[in-house]
Amino acid sequence: MVFCYMINITKINCCDGVFFSNFLDDNKKLSPCRAIPSYPTYHLSKETMEALRLPTFDAWQWEPSEMLSCLEHMYHDLGLVRDFNINPITLKRWLLCIQDNYRNNPYHNFRHCFCVTQMMYSMICLCSLQEKFTQMDILALMTAAVCHDLDHPGFNNMYQINARTEMALRYNDISPLENHHCAVAFQIFSRPDCNIFFNFDPEAFKQIRQETITLILATDMARHSEILKTFKQKVDNFDYTNKEHVACLKMVLIKCCDISNEVRPMEVAEPWVDCLLEEYFMQSDREKAEGLPVAPFMDREKVTKSTAQTGFIKFVLLPMFETVMKLFPQIEEVMVQPLRESRDRYEELKQIDDAMKEKKKSENLTMDGEK
């Protein structure tokens, strides 16, 4: 029987056992974890392969083993397995190892990883990015999407910093989660049987490593304004031969995919809001218990679904997607318009929520007056 082991937030499970990153405390207690099973090969139908290329894809309908097969298909379909001489068995092992190193958080879990990667695949297809980017760019975008939240503990950077966790101390309070995701990703790649870059020469590996790290670090929302501002300065005179322009666009693309749930149909998007709020409330409850600062948007006593989404769509999602639309007008109908509709829907819900609050407040005042 094969065992893997869990070590605080720093275990790396892999297909045939376990290895530990070199920054871990070897004295920490180990506890047994399940072995990783093989996943069956699914022959995707033509309808499924076409659906995977669309932002409307519904990941809630798929089991983890099926999502693994879909991810495998994307790497083959984009020509990445062929062009980079990736061993198909290594690709399978790598994806299994990726799955097992996402935690069972309400939101930051393997299904989220899949959704972000599927949206990246969709944008590559929709925007014909293979005609504009190198295959190395495409490989970096897809791989960063797969790895971008590896071993996420379910508590954000502000918690890590305020609680002075081991992770925050290790990375000097600078994007601790994103740095950790990168470290876990490349610990996995350090295994020959999980290294899809095995056939890269040293210079090519250095390039893909740097590009993947840059993209994962760009998903830190603390850098959102900085990255979007830089992109806005370039977009009107965008030059695909300019490396800085392309690097900035790639960062914006992974940011779009990372927070793209509201692009999807309402019945697909809304459950993700519930999952995110559940994770937020778990964090804020812990922060209150530990006497740490609590962000209002994470406090179950202050936030509602409508208030959370209205502001996020209006001030974060739409400005970013509408800027990307300047380069790729084709995303308006399938991505930007659904965002506008979602904004309108949540604004209506917010008005209803506000009216109910006022009514309840008025009733309470009346009852107090009668006393």
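Note that the numbers count up from 1, one per residue, in the order the chain is shown.
Note that Cβ sites are derived from N, Cα and C of the backbone, with glycine treated the same way.
Features as listed in TrEMBL:
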{"type": "DOMAIN", "residues": "32-353", "note": "domain 'PDEase'"}
{"type": "BINDING", "residues": "H108, N109, F110, R111, H112, D149, D258, Q309", "note": "AMP binding site"}
{"type": "BINDING", "residues": "H112, H148, D149, D258", "note": "Zn(2+) 1 binding site"}
{"type": "BINDING", "residues": "D149", "note": "Zn(2+) 2 binding site"}
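This view paints the features noted in TrEMBL onto the structure.
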{"residue": "H108", "record": "AMP binding site", "contacts (Cβ under 8 Å, 6+ apart)": "Y102, D149, H152, G154, E279"}
{"residue": "N109", "record": "AMP binding site", "contacts (Cβ under 8 Å, 6+ apart)": "Y102, R103"}
{"residue": "F110", "record": "AMP binding site", "contacts (Cβ under 8 Å, 6+ apart)": "P64, M67, I98, Q99, Y102"}
{"residue": "R111", "record": "AMP binding site", "contacts (Cβ under 8 Å, 6+ apart)": "A59, W60, P64, M67"}
{"residue": "H112", "record": "AMP binding site", "contacts (Cβ under 8 Å, 6+ apart)": "Y102, D149, W272"}
{"residue": "H148", "record": "Zn(2+) 1 binding site", "contacts (Cβ under 8 Å, 6+ apart)": "C113, V116, E178, H181, L215, I216, T219, I254, D258"}
{"residue": "Q309", "record": "AMP binding site", "contacts (Cβ under 8 Å, 6+ apart)": "E262, V273, S342, Y346"}
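Neighbour counts were taken at the CB atom with a 10 A radius for the binding-site residues D149, D258; the maximum falls on D149. Taken over all pairs of the listed AMP-binding residues (H108, N109, F110, R111, H112, D149, D258, Q309), the Cα spread reaches a maximum of 23 Å, rounded to the nearest whole number.
Taking the centroid of the Cβ atoms of H112, H148, D149, D258 as the Zn(2+) 1 site, the other same-chain residues with Cβ within 8 Å of it are H108, C113, V116, A145, H152, T219. The average pLDDT for the domain 'PDEase' (32-353) in the predicted structure is 96.
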